[in-house]
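Below: the structure, in structure tokens.
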Amino acid sequence: MNTNNEETFYQAMRRKGVSRRSFLKYCSLAATSLGLGAAMTPRIAWALENKPRIPVVWIHGLECTCCTESFIRSSHPLAKDVILSLISLDYDDTLMAAAGTQAEEVFEDILSRYHGRYILAVEGNPPLGEQGMFCISGGRPFIEKAKRAAAGASAIIAWGTCASWGCVQAARPNPTQATPIDKVITDKPIVKVPGCPPIPDVMSAIITYMVTFDRLPELDRLGRPLMFYGQRIHDKCYRRAHFDAGEFVESWDDDAARKGYCLYKMGCKGPTTYNACSTTRWNGGVSFPIQSGHGCLGCSENGFWDRGSFYSRVVDIPQMGTHSTADTVGLTALGVVASSVGVHAVASAVNQHNRHKQQLADAGQQSPDNEDKQA
């Protein structure tokens, strides 16, 4: 792969015949995908014109490669622009042409040549059981390779739920002792990008942000970028109105399902899952699981794999009940008023009865018979 890291992104794009207009359009799309607005387009353009491409080392532990499969389908920006122009992806044993001894020589060369300058991207996690022998890369335990690469990295990106939380290979009883990367690398800044897999446009946007601003994006307390993990899927879901109205799918392919009602009762984990699925969507913004008729699995949340069936809801959440009609609300209000009037009438009658008894008692004390008895 190209190791000319002094070339800027803009120079690489121009070398490929990309016009200035197309470059600025790319910067505008990048700003939009990052949620920065059009005002930040000039800053992104300046950064991509003047800053050398950042070398990236991408390594794989226990995983299924779904993060890479997702990343190469990025549309804003395109994965080819990220890989071939925005960054210098010098090592990735899935995408690179080299293999075996040649690949390991490239790995060692990058670590020494760009020590302290490269970004380490980790897909999958290291198993610690049996001295790490459950995952071997380059003839040695993956945990050794991860620590070796992390030592000279400026920052680490933990791609996917595997690297961020452990995922299915860490499911109970976790015989391989699969461990999230932040539990074994504790002296480097780590950006967690969970999801099984993460959204491709989120992956490329995070790289764009780090290249543009020379810093990590703002993170939440769990280490996730707030720009993409700051809200629940439920908060922006197009079926949210049905949730608020108490309109739910009760069984697959019932009339409510055909009407697009809320999937919460079918096990949707959207109310407890932080991700950008309902806003960014997948496949270039075409759709996401809930839009396709299936509830969210909560795959970007820690421990989702050990929380029971995907089709049972975790908790009961009270709804607003906005499905009530004006007549229903009116009858309810009338009932409340009638009840209040009834209670007031009963209370008044009781008070009046008590006053009447007191008056009779007072009158009895002042009667002639009582006066004669007293005399």
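From the backbone N, Cα and C atoms, a Cβ is placed for every residue, glycine too.
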Per Swiss-Prot, member of C268, C299 binding [4Fe-4S] cluster 2 alongside H234, C237, C262: C268
Candidate sharing the [4Fe-4S] cluster 1 site with C64, C67, C162 (per Swiss-Prot), from C27, C196: C196
Same [3Fe-4S] cluster site per Swiss-Prot - residue from C135, C277 joining C296, C299: C277
Same-chain residues at least 6 apart in sequence whose Cβ lies under 8 Å from C162 ([4Fe-4S] cluster 1 binding site): G61, L62, E63, C67, E123, G124, N125, Q169, A178, C196
Pairwise CA distance, H234 ([4Fe-4S] cluster 2 binding site) versus C277 ([3Fe-4S] cluster binding site), rounded so that it is a whole Å: 10
C262 ([4Fe-4S] cluster 2 binding site) versus C296 ([3Fe-4S] cluster binding site) - Cα distance in angstrom: 11
8 Å Cβ shell about C64, C67, C162, C196 centroid, [4Fe-4S] cluster 1 site members excluded: E63, T65, C66, E123, G124, W159, G160, T161, C167, P197
